[in-house]
Amino acid sequence: MHLKSLTLRGFKSFASATTLRFEPGITCVVGPNGSGKSNVVDALSWVMGEQGAKSLRGGKMEDVIFAGTTGRPPLGRAEVSLTIDNSDGALPIDYSEVTITRIMFRNGGSEYQLNGDTCRLLDIQELLSDSGIGREMHVIVGQGQLDSVLHADPTGRRAFIEEAAGVLKHRKRKEKALRKLDAMRANLARVQDLTDELRRQLKPLGRQAAVARRAAVIQADLRDARLRLLADDLVTLREALRAELADEAALKARKDGAEAELKAALQREAVLEEQVRTLAPRLAAAQQTWYELSRLAERVRGTIGLADARVTSATSAPAEERRGREPEDLEREAARVREQEAELEAALEAASRALEDTTEHRAALERQLADEERRLRDAARAIADHREELARLQGRVTAARGRAASAQAEIDRLAAARDEARERAAAAQEEYERQQAEVEGLDAGDAELAGRHEAAKRELAAAEAALTEAREEATATERRRAATGARRDALALGLRRKDGTGALLAAQDRLSGLLGPAAELLTVAPGYELPVAAALGAAADALAVTDTATAAEALRLLRKQDAGRAALVVARGLERGAAAASSPGPVQPPARGGANAAPCGPRPALDLVDGPAPVLDAVRALLRDVVVVPTLEDAEELVGERPGAVAVTAEGDLLGAHFAQGGSGGAPSLLEVQAAVDEATAELTGLDARCESLQEAQHAAAARRAECAARVEELASLRSAADREKSQVAQALGRLAGQARAAADEAGRTAAAVARAEEALARAGEEAEELAERLAVAEESAPAEGDGEPDTSVRDRLAADGANARQTEMEARLQVRTHEERVKALAGRADGLDRAARAEREARARAEQRRARLRHEARVATAVASGARQLLAHVEVSLVRADEEKRSAEEAKGARERELTAERNRGRELKSELDKLTDTVHKGEVLGAEKRLRIEQLEARALEELGVEPAGLVAEYGPDQPVPPSPPAEGEELPEDPDHPRNRPVRYVRAEQEKRLRAAERAYQQLGKVNPLALEEFAALEERHKFLSEQLEDLKKTRSDLLQVVKDVDKRVEEVFTEAYRDTAREFEGVFSRLFPGGEGRLVLTDPDDMLATGVDVEARPPGKKVKRLSLLSGGERSLTAVALLVAIFKARPSPFYVMDEVEAALDDTNLQRLIGIMKELQESSQLIVITHQKRTMEVADALYGVSMQGDGVSKVISQRLR
């Protein structure tokens, strides 16, 4: 494989079509500087897929187009074609000659061609990569390429080796897998979220479905038990009503007999009551007479008793009361007592005078004692004051001398502190002036840094606003995409049928002629789905089959599985595989209105439907005479004009001459649902593309924001550092100023304190001398020892005389009190005797008057008692007669009352019996009516609540009917044996049925709220969860496969790079030793333990030098080392050709000759194209191409074959 030709049209300086034909070997391209030699290298790089404008020595990709000169206008496009000889099959393509063409237009458009066919850049890169020509173009060593090799880091050097080893395609495969993983992550998270959400919904809905199933079983038991108890109640009430009617006649006969007896008893009772009323006045008069006479007799007896008691009381008065002492004796004793009182009063007066004398003597002694004690206190106080004055003077003298010594010490200390403070103030002032100069230098650069920081913050705010806007738009678009996806999935679920249609779709593998839903094969003009579906009727939801045999087989399958009904459309001649290939294109909408606009005029239905011809043939019969009109009024007008036509409105109302159908509330047909699914799918595709573009914009905004944030943070750090430095200096200035002020203030304060201390020292000396003189005078005037205490003998004598005088006074006072008490006692006794004499005389006068009154009362009482006894004898005779009359009347009335009581008792008994019979009859009538009403209610309840006729209720559920077994509960399996007790009916027992009813009601109440739709909702949700779970597993499996691909690629990259590195390191040692005889060079891995990420370092030691680092070598040595590395890569992984652009320009003759030798070696396995100015290099060339440029600025080429 080798390069055969290169054709340039409008590329850079090659305005005209220029073709360079190459042969195996070495081809040199020569020419003066600026003639366009390097443009040939750029053309090779560009046609093989170079994407960097800077690598092509331009600012933008449009710079490769001929820009025009003074003599030629600019061109609109650049085109380069490279022809490669592939006769050896090095390129994995079935052509012996491959031509790669790249075209760039001035408007920015570009295209790639491979042998004249349009292709992608990726196709060209993969084709060349398999032949050892990588995407990074390591085979083309352009101007400055050596410098990039020299300045490359270890990772860059690794990239050169990987490029030559063909690792790039593996890395591209890995990147593609990682991109798929990134794209899959969102879908996986979305499906996972949907699955989790459905799982969370399934659990409560499953419980509701289980409750609904359990409720159905319980309701069956409940209804059966209620029906049987209701039938039992109805039979029991009917039998009780018949027995009640039979007893009612006997009760009425007994009631009539009781009424006759009661009437006779009431008549007899009336006669006796009249007789009792006649006897009552006689008895009352006799009783009144007897009562009044009895009262009179009692009053007379009482009067007699009272008179006898008065006589006895008056005649039997007690003897004369015991008399007291004689009044005269009492008066004489009172006189003697008064004489004794006078004697005691004289003695009391003498004792009072003695008491006054004693009191005056005691007071005089106490005054003398007080004067003596006052004199003694004054003397003691004078002595104490003198002693205290001496002690105080001695203390003041000592204190004054101490203050003088302290003042002298304070003066010495303050003088030393004053000197120290002055020194500190001077040092602080010097440091302050130095720091002040430093602050002035810092302020100069702060303004410029602040301006840069503010500008960076404005850029950051703009970047953050752009990022926020991008994120919000991306989030909104993502939400719209999720909502649209969920809507599409929900609509797609609506296409799944659970009736007969769903059963046929599930069995599609057994029905070879089943094509699927007819709605998927038909396309309806937008906005006409509803009227077309109404016109098709059941066919809108039908399935399409290829022939009638398949239709018949499908109907037999539905009947066999009892799966419901389904509509089928026979599309003859259409095979299952061809159905999708012949899917209809979009039907054009009407001329006016939007895509979903309502019909704007009559339009045949057949013009609105498109699809495969067989399906249309089947549908044509249904839509032959159908016309779509805007409104129902238009439909009436159309049918009136054309009776054979059928009109369908935009709302789906169908009107014909003999049939009409329509209204509101209809469910959407499959045609409408399919159209909605297609619309949602198209919208979702657009949103996916929008999300990807927004994601890229978001990444770019995030990168811009991160860059601005880093810049702001850097400037903020600089400002903070400057502020901290300024703050530290300012703090130091403040601290120094404060220290200087404090030191100066302290020096002033200490100087003033020294002056004050000296003054205090002088005052303390003067005070000490004065106090010493006063102390000497006081000591001289002090009394001698022994004369300090006063004489107390006079005070002691006066105190003893005073105590004796107080004792004498107390005895005299006691004697006066005793005489006073005795005088009071004698005066009281004399008064008492006088009073007793007067009372005795008055008592004797009152006793004489009472005796005279009692004698008169005795005479009057004797006369009253005698008259009363005579009256009592007459009253007692009358009382006996009245008593006899009263007894006779009572006996007569008592006899009649007893007869009346007997009759009344008899009447009450008869009345009670009649009431009981009447109540019994009434109760019987009420019970009968209640039973009839209860029977009617039970019959109505059976019909209204349970839907069973009364006759059928007793016939099917009566107590004589056996009870069938209950339906199986959830999870219960019935025995297969029909004779098993669980499967046999049982005899009706009311208690068992009531127990069964209570248990069912209790079980139903325990279920709580029952959702009757839970079973259907749970089945639909479970089916969707199963579908999403399968999709989730597929995504997880795909993710696992991609991760395995990444792992395999890493393993392959590690193997390929390891081998390529070993070969390159071996070749580098050989090439380096040839270019630097006696020198040593080798390649070293930066991280041998990680072959996937390790870099490659170059160690080069030219002969005679000890250095190994490239940066310490000369320019020529470094260039030769870079050439050695490239040649080592070329030899380790040979490529079909190499292009070198002036790589030997910096070499001297010796090193050039060595490099030419290596080129000759490379010539054996590869084609070399060399851009050079060196004659020696031209000498080894097999062909020469000369490039020149005249005044028109257009490059021209001439060639010369040397060998």
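Heads up, the Cβ atoms here are built off N, Cα and C, so glycines get one too.
Model, not experiment: these values are computed from the prediction.
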Of the residue ranges 248-275, 500-527, 668-695, the one that TrEMBL records as coiled coil: 248-275
Coiled coil according to TrEMBL, located in which of 167-201, 762-796, 937-971: 167-201
Binding-site residues compared (ASN33, SER35, SER38, ASN39) - the one with the fewest other Cβ atoms within 10 Å: ASN33
Other same-chain residues whose Cβ falls within 8 Å of the Cβ centroid of PRO32, ASN33, GLY34, SER35, GLY36, LYS37, SER38, ASN39, the recorded ATP site, in sequence order: SER13, GLY31, VAL1187, MET1189, SER1195
Spatial neighbours of the region 'Disordered' (883-907) far in sequence, C-beta under 8 Å, 6+ residues away: 262, 265-266, 268-269, 272-273, 275-276, 279-280, 282-283, 286-287, 289-290
Neighbourhood of GLY36 (ATP binding site) by C-beta distance under 8 A, where only residues 6 or more apart in the same chain count: LYS12, SER13, PHE14, VAL1187, MET1189, SER1195
For PRO32 (ATP binding site), nearby residues of its own chain (Cβ under 8 Å, 6 or more apart in sequence): SER1188, MET1189
Cβ-Cβ distance under 8 Å to GLY34 (ATP binding site), same chain, at least six residues away: MET1189
Integer mean pLDDT for the coiled coil (167-201): 78
Long-range Cβ environment of LYS37 (ATP binding site), under 8 Å and at least 6 residues apart: VAL29, VAL30, GLY31, ASP1141, ILE1171, VAL1187
